Amino acid sequence: MAARKWFSSFFPTVKAQEEEDIVDPQAVLREKCAQQGHTSALWEKYQACNERVGSRSQTAETCVEELFDYLHELDHCVSKTLFSKLK
């Protein structure tokens, strides 16, 4: 215990201030963009493909193209305003 006091006399203890919960602006923008017209339509197209593929027992079809289309549009929408919200 004495060593700790001696050590702290040379190196003061710094405590972090409590901060508000940090909200990820990208997550907020993704939620907002996901509800917009074209992005929402691509999500529905992806879901329909997923249901179609899931209902079949043997199929070579995947929904990768629909997923990539949706994610591309979502990222495009988010990128328009994301960088203006970063600190």
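Cβ atoms here come from the backbone N, Cα and C positions, even for glycine.
The shown structure was predicted, so the numbers you read here are calculated from the model rather than taken from an experiment.
Positions annotated as domain 'Ubiquinol-cytochrome C reductase hinge' by TrEMBL: 24-87. Residues or ranges marked as disulfide bond by TrEMBL: Cys33-Cys77, Cys49-Cys63.
Comparing Cys49 (disulfide bond) with Cys77 (disulfide bond), their Cα atoms are 23 Å apart once rounded. For Cys77 (disulfide bond) paired with Cys63 (disulfide bond), the C-alpha to C-alpha distance reads 21 Å. Across the fold, the C-alpha of Cys63 (disulfide bond) and the C-alpha of Cys33 (disulfide bond) stand 21 Å from each other. With a 10 A radius on its CB, Cys33 (disulfide bond) counts 20 other CB atoms from all the protein chains.
Neighbour count (other Cβ atoms within 10 Å of the Cβ, all protein chains): 18 for Cys77 (disulfide bond).
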